[in-house]
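Chemist: So TrEMBL lists the following for this protein:
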- 71-92: transmembrane segment (TRANSMEM)
- 104-132: transmembrane segment (TRANSMEM)
- 138-159: transmembrane segment (TRANSMEM)
- 180-197: transmembrane segment (TRANSMEM)
- 217-237: transmembrane segment (TRANSMEM)
- 325-347: transmembrane segment (TRANSMEM)
- 367-387: transmembrane segment (TRANSMEM)
- 399-418: transmembrane segment (TRANSMEM)
- 424-447: transmembrane segment (TRANSMEM)
- 476-498: transmembrane segment (TRANSMEM)
- 504-526: transmembrane segment (TRANSMEM)
Amino acid sequence: MGGNSGQAGGHIYKSLADDGPFDSVEPPKRPTSRLIMHSMAMFGREFCYAVEAAYVTPVLLSVGLPNSLYSIVWFLSPILGFLLQPVVGSASDHCRSRWGRRRPYILTLGVMMLVGMALYLNGDTVVAALIANPRRKLVWAVSVTMIGVVLFDFAADFIDGPIKAYLFDVCSHQDKEKGLHYHALFTGFGGALGYLSGAIDWAHLELGRLLGTEFQVMFFFSALVLTLCFIVHLCSISEAPLTDVAKGIPPQQTPQDPPLSSDGMYEYGSIEKVKNGYVNRELAMQGAKNKNHAEQTCREMTLKSLLRALVSMPSHYRYLCISHLIGWTAFLSNMLFFTDFMGQIVYGGDPYSAHNSTEFLIYERGVEVGCWGLCINSVFSSLYSYFQKFLVSYIGLKGLYFTGYLLFGLGTGFIGLFPNVYSTLVLCSLFGVMSSTLYTVPFNLITEYHREEEKERQQAPGGHPDNSVRGKGMDCATLTCMVQLAQILVGGGLGFLVNTAGSVVIVVITASAVALIGCCFVALFVRYVN
């Protein structure tokens, strides 16, 4: 940012309040290093996600969680996220914190992730040290672990929306596309490293003996990675507050007064109207008046008006959300049951046999190989994210979107019909293609829609938009909450399908069918901007 601040006439910024609360400006070009720093949040988040995927089931089993409570653990977080995410996304659009609109929410959710990990990875150990009564110890251990899992899942799912909105706020259109690719790239790297860390037998290593158990080892690494990544992320690109710097301008300031500092000139969300380093007093006063209108809009925003804005969103946003829901439903259907599929179907093991039986050991071996398959998925997600920026110039966003769904649908169908160890591991690379597609293409389309709307506002008479409560934060949050809705659908429907069919093969076949339906939907209904 410092490199651009001295160019007095290079960028003229307009106040967010000047044309309405959600009008956008074109920020300066960001260095690649800053975009990489911004992407570190996705690395830390995905690392912790992978650790949870590897350890949450053993943790829940070790504390003695009753089977009747499993549904509460897996349903509570996505239900809360689905209901609250658009509300918080819209609230962040109106946030007037001195630290910016998005970063206060990102920091809060990051702390919640850290607390959630601490509870579900260390809760049993802490409770055992504090409570001696076996019955009370069981109740408290189960309660603390459940709270930790729900809190972590809720925060980790929730945080994606503010991170994307933060990127959209502070970057130009070209940098948004680059930033999304870096996000997907580091998401894959974080997942791969997390799965590799979870595959190590820490209990037999010196670090495991020093810290107590492998759960404490993974909490140490997860907390360290998450903390460092979020510090780097929050310091990556300055986010100016949604306030009006006119409050600090004396009424008598004229073009003869000393020029403003370069930082003040280019503050995102400030009154612009800087010409040759001086503030136009008349425009500054007009901006202050418009600010009062923006604050009134913020105060009048209620849950009812928010829901009305969601329902009345343009059809192309709605179709994009539906396609995102279809894609995540297919992806989660396969990923949540993949290690179980490897253990039962590909290896022919039995998870319900005695733990010292050959069938159970075979099942465990299949689960371990399944974890390596998930690691392959993460690595190929990163690689495909890198090559996406070259492919998009040839096949466009529509081609990328369609190809991701098509390859995933064909790959999972082949795995379900012809289960084999080596072919399954090779086809895990197609999971990475789908993962990268879901993390980049829908949000690229959001940026295209926003840019198109901004051009229409500029060309409209007077250049003033309507006073809708929809902003970038809410659009990103609405798209992201489709992930929670997909979790609800998968959690509620696939268990019934498995019980009815008597085999987890139905899960993979269902994922394939849903992905192929998604192919048709993204080709026929999703709108692409030329």
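All residue numbers here begin at 1 and follow the chain in the order shown.
Every residue gets a Cβ built from N, Cα and C, even glycine.
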Chemist: How about the transmembrane segment (138-159) and the transmembrane segment (476-498): at least 3 CB pairs under 8 Å, pairs 6 or more apart in sequence, or not?
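Modeler: Contact criterion met.
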Chemist: So which of 104-132, 325-347, 399-418, 424-447, 476-498 is most in touch with the transmembrane segment (180-197), counting Cβ pairs under 8 Å?
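Modeler: Per the Cβ under 8 Å count, 424-447.
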Chemist: Looking at 71-92, 104-132, 217-237, 367-387, 424-447, which one has the highest count of Cβ pairs under 8 angstroms to the transmembrane segment (399-418)?
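Modeler: It is 424-447, which has the most Cβ pairs under 8 Å.
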Chemist: Would you call the transmembrane segment (424-447) and the transmembrane segment (104-132) in contact, using three or more Cβ pairs under 8 Å, pairs 6 or more apart in sequence?
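Modeler: Touching, no - the transmembrane segment (424-447) and the transmembrane segment (104-132) miss the threshold of 3 or more Cβ pairs under 8 Å.
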Chemist: Where among 104-132, 217-237, 325-347, 367-387 do we find the most Cβ pairs under 8 Å to the transmembrane segment (476-498)?
Modeler: 325-347
Chemist: So which of 71-92, 217-237, 325-347 is most in touch with the transmembrane segment (367-387), counting Cβ pairs under 8 Å?
Modeler: 325-347
